[in-house]
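Only one structure is covered here, and it is reproduced in the block below.
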Amino acid sequence: MQATNVVILAAGNGSRMKSDLPKVLHQVAGRAMVDWVVAAVAPLKPNKILTVTGVGAKQVQDHLAGKTDFVVQEQQLGTGHAVLQTKQALADNQGATLILSGDTPLFTTETLQALLDEHARTKNAVTVLTAFAENPTGYGRIVRGEDEMVLKIVEEKDASVTERRIQEINTGVYIFDNQLLFQALSQVGNDNVQAEYYLPDTLDILREMGQQIGAYQTMDFSESMGVNDRVALAAANKIMRMRINQGHMQNGVELIDPDNTYIDAGVQIGQDTVIEGNVTLKGKTVIGQENVLTAGTRIEDSTIGDENIITSSQLEEALVGNKTTIGPYAHLRPLADIKDQAHLGNFVEVKKATVGLGAKVGHLSYVGNAQLGADVNVGAGTIFVNYDGVNKFDTIVGDRAFIGSNTKIIAPVTLADESITAAGSTITDDVNFHQMGIARSRQANKDDFWDRMPHKKG
Ligand code: UD1
Ligand code: CA
(Lines of atoms letter the chains of each structure in order from A and count residues from 1; the text may use other names and numbers.)
(Lines give C-alpha, C1' and ligand atoms only; values in the text may rest on other atoms or scores of the structure.)
(Ligands and ions follow the chains in the order given, each with its own letter.)
Protein backbone atom coordinates (compact mmCIF):
# COMPACT_ATOMS: atom_id res chain seq x y z
CA MET A 1 0.00 0.00 0.00
CA GLN A 2 1.14 3.54 -0.65
CA ALA A 3 1.15 6.34 1.92
CA THR A 4 -0.81 9.23 0.54
CA ASN A 5 0.76 11.88 2.74
CA VAL A 6 3.86 12.07 4.87
CA VAL A 7 4.35 14.52 7.74
CA ILE A 8 7.82 14.95 9.25
CA LEU A 9 7.96 16.73 12.60
CA ALA A 10 10.99 18.97 12.79
CA ALA A 11 9.95 22.11 14.67
CA GLY A 12 11.17 21.27 18.16
CA ASN A 13 14.03 23.19 19.70
CA GLY A 14 16.11 20.11 20.44
CA SER A 15 17.27 21.69 23.67
CA ARG A 16 18.89 18.47 24.86
CA MET A 17 21.40 18.68 21.99
CA LYS A 18 22.73 21.96 23.43
CA SER A 19 23.45 23.30 19.96
CA ASP A 20 22.85 26.34 17.78
CA LEU A 21 22.14 24.01 14.87
CA PRO A 22 18.52 22.82 14.60
CA LYS A 23 18.43 19.24 15.89
CA VAL A 24 17.26 17.58 12.68
CA LEU A 25 20.23 19.06 10.76
CA HIS A 26 22.78 17.27 12.92
CA GLN A 27 24.56 14.69 10.81
CA VAL A 28 24.54 10.94 10.91
CA ALA A 29 27.17 9.38 8.62
CA GLY A 30 27.48 12.57 6.61
CA ARG A 31 23.79 13.35 6.09
CA ALA A 32 21.43 15.47 8.16
CA MET A 33 19.08 13.31 10.24
CA VAL A 34 16.03 14.68 8.45
CA ASP A 35 17.60 13.74 5.08
CA TRP A 36 17.65 10.11 6.20
CA VAL A 37 13.96 10.35 7.05
CA VAL A 38 13.14 11.87 3.66
CA ALA A 39 15.25 9.19 1.93
CA ALA A 40 13.44 6.40 3.81
CA VAL A 41 9.95 7.65 2.85
CA ALA A 42 10.72 8.64 -0.76
CA PRO A 43 10.48 5.07 -2.16
CA LEU A 44 6.95 4.85 -0.69
CA LYS A 45 6.06 7.42 -3.35
CA PRO A 46 3.88 9.68 -1.18
CA ASN A 47 1.61 12.27 -2.78
CA LYS A 48 3.07 14.92 -0.61
CA ILE A 49 5.75 15.28 2.08
CA LEU A 50 5.15 18.07 4.57
CA THR A 51 7.84 19.06 7.03
CA VAL A 52 6.74 20.96 10.10
CA THR A 53 9.41 23.53 10.91
CA GLY A 54 9.70 25.98 13.78
CA VAL A 55 12.96 26.51 15.60
CA GLY A 56 15.54 27.25 12.89
CA ALA A 57 12.75 27.09 10.30
CA LYS A 58 14.69 28.95 7.62
CA GLN A 59 17.76 26.75 7.98
CA VAL A 60 15.70 23.55 7.84
CA GLN A 61 13.65 24.82 4.88
CA ASP A 62 16.74 25.90 2.95
CA HIS A 63 18.28 22.53 3.61
CA LEU A 64 15.25 20.56 2.41
CA ALA A 65 14.22 22.94 -0.39
CA GLY A 66 12.83 21.03 -3.35
CA LYS A 67 12.53 17.77 -1.41
CA THR A 68 9.47 18.49 0.76
CA ASP A 69 6.80 21.12 1.32
CA PHE A 70 6.67 23.03 4.59
CA VAL A 71 4.32 24.30 7.24
CA VAL A 72 5.46 26.42 10.15
CA GLN A 73 4.65 25.80 13.80
CA GLU A 74 5.24 29.20 15.36
CA GLN A 75 5.24 27.99 18.96
CA GLN A 76 6.44 24.56 19.99
CA LEU A 77 3.45 23.38 21.96
CA GLY A 78 3.93 19.67 21.38
CA THR A 79 3.87 16.99 18.70
CA GLY A 80 0.05 17.00 18.47
CA HIS A 81 0.04 20.76 17.97
CA ALA A 82 2.77 20.36 15.34
CA VAL A 83 0.65 17.97 13.28
CA LEU A 84 -2.34 20.27 13.66
CA GLN A 85 -0.43 22.87 11.63
CA THR A 86 -0.77 20.62 8.56
CA LYS A 87 -4.57 20.70 8.79
CA GLN A 88 -5.03 23.32 6.10
CA ALA A 89 -2.77 21.45 3.72
CA LEU A 90 -4.28 18.03 4.36
CA ALA A 91 -7.90 18.63 5.47
CA ASP A 92 -9.48 17.62 2.15
CA ASN A 93 -7.47 14.46 1.79
CA GLN A 94 -9.36 11.16 2.15
CA GLY A 95 -6.28 8.96 2.28
CA ALA A 96 -3.77 7.94 4.93
CA THR A 97 -1.10 10.06 6.60
CA LEU A 98 2.24 8.66 7.75
CA ILE A 99 3.82 10.73 10.54
CA LEU A 100 7.48 10.52 11.55
CA SER A 101 9.94 12.64 13.52
CA GLY A 102 12.95 14.29 11.95
CA ASP A 103 15.10 12.97 14.80
CA THR A 104 14.67 9.25 14.06
CA PRO A 105 17.13 8.73 11.21
CA LEU A 106 17.51 4.95 11.26
CA PHE A 107 14.21 3.63 9.95
CA THR A 108 14.46 1.64 6.74
CA THR A 109 11.91 1.83 3.94
CA GLU A 110 11.21 -1.89 4.49
CA THR A 111 10.09 -1.29 8.08
CA LEU A 112 7.89 1.64 7.05
CA GLN A 113 6.40 -0.45 4.23
CA ALA A 114 5.65 -3.24 6.71
CA LEU A 115 3.81 -0.72 8.91
CA LEU A 116 1.80 0.50 5.92
CA ASP A 117 0.93 -3.06 4.92
CA GLU A 118 -0.22 -3.89 8.45
CA HIS A 119 -2.33 -0.72 8.51
CA ALA A 120 -3.97 -1.62 5.19
CA ARG A 121 -4.59 -5.19 6.31
CA THR A 122 -6.20 -4.26 9.63
CA LYS A 123 -8.07 -1.17 8.40
CA ASN A 124 -7.20 0.52 11.69
CA ALA A 125 -7.89 4.20 12.26
CA VAL A 126 -4.28 4.44 13.38
CA THR A 127 -1.41 1.97 13.51
CA VAL A 128 1.58 2.95 15.59
CA LEU A 129 5.03 1.49 15.01
CA THR A 130 6.41 0.09 18.25
CA ALA A 131 9.57 -1.68 19.32
CA PHE A 132 10.78 -3.69 22.27
CA ALA A 133 13.51 -1.82 24.13
CA GLU A 134 15.98 -3.35 26.58
CA ASN A 135 16.14 0.11 28.11
CA PRO A 136 12.98 2.10 27.36
CA THR A 137 14.09 5.25 29.21
CA GLY A 138 12.95 8.44 27.52
CA TYR A 139 10.38 6.88 25.21
CA GLY A 140 6.59 6.84 25.39
CA ARG A 141 5.29 3.43 26.57
CA ILE A 142 2.61 1.36 24.85
CA VAL A 143 -0.08 0.50 27.37
CA ARG A 144 -2.04 -2.63 26.44
CA GLY A 145 -5.16 -4.04 28.07
CA GLU A 146 -5.62 -7.56 29.38
CA ASP A 147 -6.58 -8.70 25.90
CA GLU A 148 -3.25 -7.28 24.61
CA MET A 149 -5.10 -4.63 22.63
CA VAL A 150 -3.47 -1.19 22.65
CA LEU A 151 -5.18 1.19 25.05
CA LYS A 152 -2.98 4.28 24.93
CA ILE A 153 0.52 5.69 24.89
CA VAL A 154 1.90 7.26 28.04
CA GLU A 155 4.92 9.56 28.03
CA GLU A 156 7.68 8.64 30.45
CA LYS A 157 7.24 11.85 32.43
CA ASP A 158 3.54 11.11 32.94
CA ALA A 159 3.90 7.37 33.51
CA SER A 160 3.20 5.52 36.76
CA VAL A 161 5.89 3.30 38.24
CA THR A 162 4.18 0.24 36.73
CA GLU A 163 3.88 1.90 33.32
CA ARG A 164 7.55 2.80 33.34
CA ARG A 165 8.38 -0.88 33.51
CA ILE A 166 6.73 -1.44 30.13
CA GLN A 167 9.40 -2.15 27.53
CA GLU A 168 7.29 -1.73 24.40
CA ILE A 169 7.95 1.82 23.24
CA ASN A 170 6.39 4.32 20.84
CA THR A 171 8.84 4.84 17.96
CA GLY A 172 7.10 8.09 17.02
CA VAL A 173 5.97 6.67 13.65
CA TYR A 174 2.25 6.35 12.99
CA ILE A 175 -0.07 5.92 10.08
CA PHE A 176 -3.51 7.47 10.43
CA ASP A 177 -6.70 7.67 8.48
CA ASN A 178 -6.28 11.32 7.55
CA GLN A 179 -9.82 12.47 8.38
CA LEU A 180 -9.86 10.70 11.76
CA LEU A 181 -6.43 12.12 12.56
CA PHE A 182 -7.71 15.69 12.51
CA GLN A 183 -10.92 14.78 14.33
CA ALA A 184 -8.84 13.29 17.14
CA LEU A 185 -6.31 16.13 17.18
CA SER A 186 -9.03 18.69 17.80
CA GLN A 187 -9.68 16.90 21.11
CA VAL A 188 -6.09 16.65 22.35
CA GLY A 189 -5.48 18.68 25.51
CA ASN A 190 -2.31 19.65 27.34
CA ASP A 191 -3.12 18.47 30.83
CA ASN A 192 0.14 16.64 31.41
CA VAL A 193 3.50 17.13 33.10
CA GLN A 194 4.99 18.98 30.12
CA ALA A 195 1.81 21.00 29.39
CA GLU A 196 2.17 19.97 25.73
CA TYR A 197 -0.32 18.75 23.14
CA TYR A 198 0.84 15.17 22.65
CA LEU A 199 0.27 13.43 19.32
CA PRO A 200 0.26 10.02 21.06
CA ASP A 201 -2.90 11.07 22.95
CA THR A 202 -4.82 10.66 19.68
CA LEU A 203 -4.73 6.88 20.12
CA ASP A 204 -6.67 6.96 23.35
CA ILE A 205 -9.07 9.52 21.85
CA LEU A 206 -9.71 7.44 18.72
CA ARG A 207 -10.30 4.33 20.82
CA GLU A 208 -12.78 6.26 22.99
CA MET A 209 -14.47 7.36 19.76
CA GLY A 210 -15.05 3.69 19.02
CA GLN A 211 -12.36 3.46 16.36
CA GLN A 212 -10.06 0.49 15.94
CA ILE A 213 -6.46 1.29 16.84
CA GLY A 214 -3.44 -0.98 16.62
CA ALA A 215 0.29 -1.36 16.85
CA TYR A 216 2.88 -2.98 14.64
CA GLN A 217 6.01 -4.04 16.50
CA THR A 218 9.25 -4.02 14.55
CA MET A 219 11.82 -6.65 15.48
CA ASP A 220 14.79 -4.30 15.29
CA PHE A 221 14.86 -1.77 18.11
CA SER A 222 18.04 -0.17 16.78
CA GLU A 223 16.05 1.39 13.90
CA SER A 224 13.82 3.18 16.38
CA MET A 225 16.44 5.25 18.10
CA GLY A 226 15.29 8.82 18.68
CA VAL A 227 18.18 11.25 18.81
CA ASN A 228 17.58 13.81 21.53
CA ASP A 229 21.15 14.40 22.71
CA ARG A 230 24.79 13.93 21.70
CA VAL A 231 24.98 10.53 23.36
CA ALA A 232 22.19 9.21 21.13
CA LEU A 233 23.72 11.02 18.13
CA ALA A 234 26.95 9.08 18.60
CA ALA A 235 25.02 5.84 19.02
CA ALA A 236 22.97 6.50 15.86
CA ASN A 237 26.16 7.26 13.94
CA LYS A 238 27.63 3.97 15.06
CA ILE A 239 24.62 1.99 13.89
CA MET A 240 24.41 3.82 10.56
CA ARG A 241 28.14 3.49 9.90
CA MET A 242 28.04 -0.23 10.57
CA ARG A 243 25.19 -0.55 8.05
CA ILE A 244 27.21 1.38 5.47
CA ASN A 245 30.37 -0.62 6.21
CA GLN A 246 28.54 -3.92 5.90
CA GLY A 247 27.25 -2.78 2.49
CA HIS A 248 30.81 -2.10 1.31
CA MET A 249 32.09 -5.40 2.65
CA GLN A 250 29.28 -7.19 0.85
CA ASN A 251 30.43 -5.41 -2.33
CA GLY A 252 33.96 -6.76 -1.96
CA VAL A 253 35.71 -3.98 -0.06
CA GLU A 254 38.01 -5.26 2.68
CA LEU A 255 37.65 -3.40 5.96
CA ILE A 256 40.28 -4.48 8.46
CA ASP A 257 38.50 -2.92 11.45
CA PRO A 258 34.91 -2.04 10.49
CA ASP A 259 34.08 -0.81 14.00
CA ASN A 260 36.59 2.00 13.55
CA THR A 261 36.16 2.98 9.91
CA TYR A 262 34.12 6.10 9.18
CA ILE A 263 32.55 6.11 5.74
CA ASP A 264 29.87 8.65 4.86
CA ALA A 265 26.71 7.70 3.04
CA GLY A 266 27.20 8.04 -0.71
CA VAL A 267 30.94 7.34 -0.80
CA GLN A 268 31.71 4.82 -3.56
CA ILE A 269 34.47 2.20 -3.23
CA GLY A 270 35.57 -0.41 -5.76
CA GLN A 271 36.15 -4.04 -4.93
CA ASP A 272 39.38 -5.41 -3.50
CA THR A 273 40.24 -2.05 -2.01
CA VAL A 274 41.68 -2.65 1.47
CA ILE A 275 40.94 -0.11 4.19
CA GLU A 276 42.66 -0.20 7.56
CA GLY A 277 41.09 1.07 10.79
CA ASN A 278 40.81 4.74 11.64
CA VAL A 279 40.23 5.75 8.03
CA THR A 280 37.63 8.46 7.32
CA LEU A 281 36.00 8.83 3.90
CA LYS A 282 33.70 11.81 3.53
CA GLY A 283 31.44 13.69 1.15
CA LYS A 284 31.42 12.97 -2.57
CA THR A 285 34.45 10.69 -2.49
CA VAL A 286 34.81 8.00 -5.16
CA ILE A 287 37.49 5.33 -4.75
CA GLY A 288 38.33 2.72 -7.38
CA GLN A 289 39.50 -0.87 -7.10
CA GLU A 290 42.49 -2.51 -5.43
CA ASN A 291 43.64 0.50 -3.47
CA VAL A 292 45.20 0.29 -0.04
CA LEU A 293 44.31 3.04 2.46
CA THR A 294 46.28 2.75 5.66
CA ALA A 295 45.34 3.86 9.16
CA GLY A 296 44.90 7.58 9.72
CA THR A 297 43.97 8.40 6.12
CA ARG A 298 41.21 10.97 5.73
CA ILE A 299 39.72 11.64 2.30
CA GLU A 300 37.03 14.19 1.54
CA ASP A 301 35.30 15.02 -1.77
CA SER A 302 38.08 13.36 -3.77
CA THR A 303 38.26 10.96 -6.70
CA ILE A 304 40.81 8.14 -6.53
CA GLY A 305 41.51 5.66 -9.34
CA ASP A 306 42.76 2.08 -8.99
CA GLU A 307 45.75 0.39 -7.35
CA ASN A 308 46.97 3.33 -5.31
CA ILE A 309 48.65 3.02 -1.94
CA ILE A 310 47.67 5.93 0.29
CA THR A 311 49.45 5.87 3.62
CA SER A 312 48.20 7.90 6.59
CA SER A 313 47.46 10.97 4.46
CA GLN A 314 44.84 13.68 4.15
CA LEU A 315 43.12 14.50 0.85
CA GLU A 316 40.56 17.23 0.16
CA GLU A 317 38.97 17.82 -3.25
CA ALA A 318 41.86 16.01 -4.89
CA LEU A 319 42.07 13.88 -8.01
CA VAL A 320 44.35 10.84 -7.98
CA GLY A 321 44.97 8.54 -10.97
CA ASN A 322 46.14 4.93 -10.81
CA LYS A 323 49.11 3.14 -9.26
CA THR A 324 50.36 6.12 -7.28
CA THR A 325 51.98 5.97 -3.88
CA ILE A 326 51.04 8.75 -1.50
CA GLY A 327 52.36 9.40 1.99
CA PRO A 328 52.92 8.75 4.78
CA TYR A 329 51.67 12.16 5.89
CA ALA A 330 51.03 13.76 2.53
CA HIS A 331 48.42 16.52 2.32
CA LEU A 332 46.53 16.94 -0.94
CA ARG A 333 44.45 20.08 -1.00
CA PRO A 334 41.82 21.34 -3.45
CA LEU A 335 42.69 20.88 -7.13
CA ALA A 336 45.64 18.63 -6.49
CA ASP A 337 45.72 16.42 -9.61
CA ILE A 338 48.04 13.45 -9.27
CA LYS A 339 48.60 11.48 -12.47
CA ASP A 340 49.25 7.75 -12.78
CA GLN A 341 52.29 6.21 -11.11
CA ALA A 342 53.30 9.44 -9.42
CA HIS A 343 54.89 9.28 -5.98
CA LEU A 344 54.33 11.78 -3.17
CA GLY A 345 56.38 11.06 -0.09
CA ASN A 346 56.29 12.13 3.53
CA PHE A 347 55.31 15.68 4.44
CA VAL A 348 54.51 16.73 0.91
CA GLU A 349 51.71 19.26 0.42
CA VAL A 350 50.12 19.77 -2.98
CA LYS A 351 47.58 22.53 -3.69
CA LYS A 352 46.11 23.47 -7.08
CA ALA A 353 48.85 21.63 -8.90
CA THR A 354 49.26 18.79 -11.36
CA VAL A 355 51.90 16.17 -10.66
CA GLY A 356 52.60 14.37 -13.95
CA LEU A 357 52.78 10.74 -14.95
CA GLY A 358 55.48 8.98 -12.94
CA ALA A 359 56.67 12.22 -11.32
CA LYS A 360 58.25 12.00 -7.87
CA VAL A 361 58.01 14.47 -5.01
CA GLY A 362 59.65 12.45 -2.31
CA HIS A 363 60.14 14.48 0.82
CA LEU A 364 59.17 17.64 2.68
CA SER A 365 57.99 19.77 -0.23
CA TYR A 366 55.26 22.29 -1.00
CA VAL A 367 53.88 22.24 -4.53
CA GLY A 368 51.33 25.02 -5.17
CA ASN A 369 49.98 26.60 -8.37
CA ALA A 370 52.18 24.40 -10.49
CA GLN A 371 52.08 22.05 -13.42
CA LEU A 372 54.67 19.28 -13.24
CA GLY A 373 55.20 17.17 -16.38
CA ALA A 374 55.90 13.46 -16.68
CA ASP A 375 58.79 11.90 -14.76
CA VAL A 376 59.77 15.14 -13.07
CA ASN A 377 61.92 14.57 -9.99
CA VAL A 378 61.49 17.08 -7.19
CA GLY A 379 64.28 16.91 -4.60
CA ALA A 380 63.74 16.99 -0.86
CA GLY A 381 62.71 20.26 0.69
CA THR A 382 61.70 21.99 -2.53
CA ILE A 383 59.28 24.89 -2.14
CA PHE A 384 57.19 26.35 -4.93
CA VAL A 385 57.08 29.97 -3.75
CA ASN A 386 53.73 30.94 -5.24
CA TYR A 387 52.34 33.77 -3.09
CA ASP A 388 53.40 37.38 -2.53
CA GLY A 389 50.77 38.01 0.11
CA VAL A 390 48.17 39.18 -2.40
CA ASN A 391 48.42 37.17 -5.61
CA LYS A 392 49.24 33.58 -6.49
CA PHE A 393 51.66 32.86 -9.39
CA ASP A 394 52.10 29.75 -11.51
CA THR A 395 55.10 27.54 -12.20
CA ILE A 396 55.49 25.18 -15.13
CA VAL A 397 57.95 22.31 -14.94
CA GLY A 398 58.54 20.32 -18.17
CA ASP A 399 58.85 16.56 -18.60
CA ARG A 400 61.83 14.86 -16.95
CA ALA A 401 63.03 18.09 -15.34
CA PHE A 402 65.25 17.48 -12.30
CA ILE A 403 64.80 19.86 -9.38
CA GLY A 404 67.68 19.70 -6.93
CA SER A 405 66.99 19.40 -3.23
CA ASN A 406 66.09 22.53 -1.32
CA THR A 407 65.31 24.55 -4.43
CA LYS A 408 63.09 27.60 -3.94
CA ILE A 409 61.16 28.28 -7.12
CA ILE A 410 59.92 31.88 -7.11
CA ALA A 411 56.88 31.95 -9.39
CA PRO A 412 56.04 32.88 -12.06
CA VAL A 413 58.72 30.80 -13.71
CA THR A 414 59.04 28.07 -16.32
CA LEU A 415 61.49 25.20 -16.11
CA ALA A 416 61.71 23.54 -19.52
CA ASP A 417 61.66 19.82 -20.36
CA GLU A 418 64.88 18.17 -19.21
CA SER A 419 66.06 21.24 -17.35
CA ILE A 420 67.89 21.05 -14.03
CA THR A 421 68.13 23.21 -10.94
CA ALA A 422 71.13 22.94 -8.67
CA ALA A 423 70.44 21.96 -5.08
CA GLY A 424 69.97 24.90 -2.75
CA SER A 425 69.12 27.34 -5.56
CA THR A 426 66.61 30.15 -5.37
CA ILE A 427 65.27 30.13 -8.91
CA THR A 428 63.77 33.40 -10.14
CA ASP A 429 64.27 33.06 -13.91
CA ASP A 430 63.25 30.50 -16.52
CA VAL A 431 65.61 27.58 -17.19
CA ASN A 432 65.71 26.27 -20.78
CA PHE A 433 65.95 22.79 -22.30
CA HIS A 434 69.01 20.92 -21.02
CA GLN A 435 70.23 23.94 -19.02
CA MET A 436 71.03 23.89 -15.33
CA GLY A 437 69.94 26.85 -13.23
CA ILE A 438 72.22 27.49 -10.28
CA ALA A 439 71.59 30.36 -7.89
CA ARG A 440 73.48 30.08 -4.64
CA SER A 441 76.62 31.65 -3.14
CA ARG A 442 79.91 29.77 -3.35
CA GLN A 443 81.39 27.98 -0.39
CA ALA A 444 84.56 29.36 1.26
CA ASN A 445 86.64 27.18 3.63
CA LYS A 446 88.58 28.93 6.48
CA ASP A 447 91.74 27.20 7.69
CA ASP A 448 92.57 26.60 11.38
CA PHE A 449 89.14 27.53 12.57
CA TRP A 450 88.61 24.80 15.19
CA ASP A 451 90.48 26.60 17.97
CA ARG A 452 88.49 29.79 17.35
CA MET A 453 85.20 28.08 18.16
CA PRO A 454 83.52 29.52 21.28
CA HIS A 455 83.52 26.18 23.10
CA LYS A 456 87.31 26.13 22.96
CA LYS A 457 87.65 29.58 24.55
CA GLY A 458 88.11 30.42 28.27
C1 UD1 B 1 8.38 11.52 21.17
C2 UD1 B 1 7.07 10.87 21.60
C3 UD1 B 1 7.40 9.61 22.36
C4 UD1 B 1 8.22 8.68 21.51
C5 UD1 B 1 9.46 9.37 20.96
C6 UD1 B 1 10.12 8.51 19.90
C7 UD1 B 1 5.47 12.68 21.97
C8 UD1 B 1 4.79 13.53 22.97
N9 UD1 B 1 6.34 11.80 22.45
O10 UD1 B 1 9.10 11.87 22.34
O11 UD1 B 1 6.19 8.95 22.74
O12 UD1 B 1 8.60 7.53 22.25
O13 UD1 B 1 9.11 10.63 20.33
O14 UD1 B 1 11.34 9.04 19.47
O15 UD1 B 1 5.18 12.78 20.78
N16 UD1 B 1 8.32 18.55 17.55
C17 UD1 B 1 7.70 19.55 16.86
N18 UD1 B 1 6.98 20.47 17.56
C19 UD1 B 1 6.82 20.42 18.89
C20 UD1 B 1 7.46 19.37 19.59
C21 UD1 B 1 8.20 18.45 18.90
O22 UD1 B 1 7.81 19.63 15.63
O23 UD1 B 1 6.13 21.29 19.43
C24 UD1 B 1 9.12 17.57 16.79
C25 UD1 B 1 10.57 17.54 17.22
O26 UD1 B 1 11.34 18.45 16.43
C27 UD1 B 1 10.98 16.10 16.98
C28 UD1 B 1 9.67 15.34 17.12
O29 UD1 B 1 8.63 16.30 17.03
O30 UD1 B 1 11.49 15.91 15.66
C31 UD1 B 1 9.58 14.61 18.45
O32 UD1 B 1 9.72 15.54 19.50
P33 UD1 B 1 10.65 15.25 20.75
O34 UD1 B 1 10.60 16.43 21.64
O35 UD1 B 1 11.97 14.78 20.30
O36 UD1 B 1 9.82 14.07 21.43
P37 UD1 B 1 10.35 12.89 22.36
O38 UD1 B 1 10.50 13.39 23.74
O39 UD1 B 1 11.51 12.23 21.73
CA1 CA C 1 12.82 12.69 20.05
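From the backbone N, Cα and C atoms, a Cβ is placed for every residue, glycine too.
Automatic prediction, not curation, is the source of TrEMBL annotations.
So that you can see what the record holds, here are the features copied from TrEMBL:
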| type | residues | note |
| --- | --- | --- |
| REGION | 1-230 | region 'Pyrophosphorylase' |
| DOMAIN | 6-131 | domain 'MobA-like NTP transferase' |
| BINDING | 9-12, K23, Q73, 78-79, 101-103, G140, E155, N170, N228, R333, K351, Y366, N377 | UDP-N-acetyl-alpha-D-glucosamine binding site |
| BINDING | D103, N228 | Mg(2+) binding site |
| REGION | 231-251 | region 'Linker' |
| REGION | 252-458 | region 'N-acetyltransferase' |
| ACT_SITE | H363 | active site, proton acceptor |
| BINDING | A380, N386, Y387, S405, A423, R440 | acetyl-CoA binding site |
Longest CA-CA distance among A380, N386, Y387, S405, A423, R440, per record bound to acetyl-CoA, angstrom: 22
Euclidean distance between Cα atoms of D103 (Mg(2+) binding site) and the residue listed as 'active site, proton acceptor', Å: 47
Nearest of the binding-site residues (G12, E155, R333) to A380 (acetyl-CoA binding site) - Cα to Cα: R333
Contacting binding-site residues for ligand 2, chosen from G102, D103, N228, S405, R440 when the Cβ sits under 6 angstroms of any of its atoms: D103, N228
Lowest local Cβ density among L9, A380, A423, which the record lists as binding-site residues, within 10 Å: A423
Which of N228, N377, the listed binding-site residues, has fewest other Cβ atoms within 10 Å: N228
DSSP three-state assignment for the residue listed as 'active site, proton acceptor': strand
Of N377, A380, Y387, S405, A423, binding-site residues neighbouring ligand 1, Cβ under 6 A: none
DSSP residue counts for the domain 'MobA-like NTP transferase' (6-131), split into helix, strand and coil: 50 helix, 33 strand, 43 coil
Lowest local Cβ density among N386, S405, which the record lists as binding-site residues, within 10 Å: S405
For Y387 (acetyl-CoA binding site): DSSP state (helix, strand, coil): strand
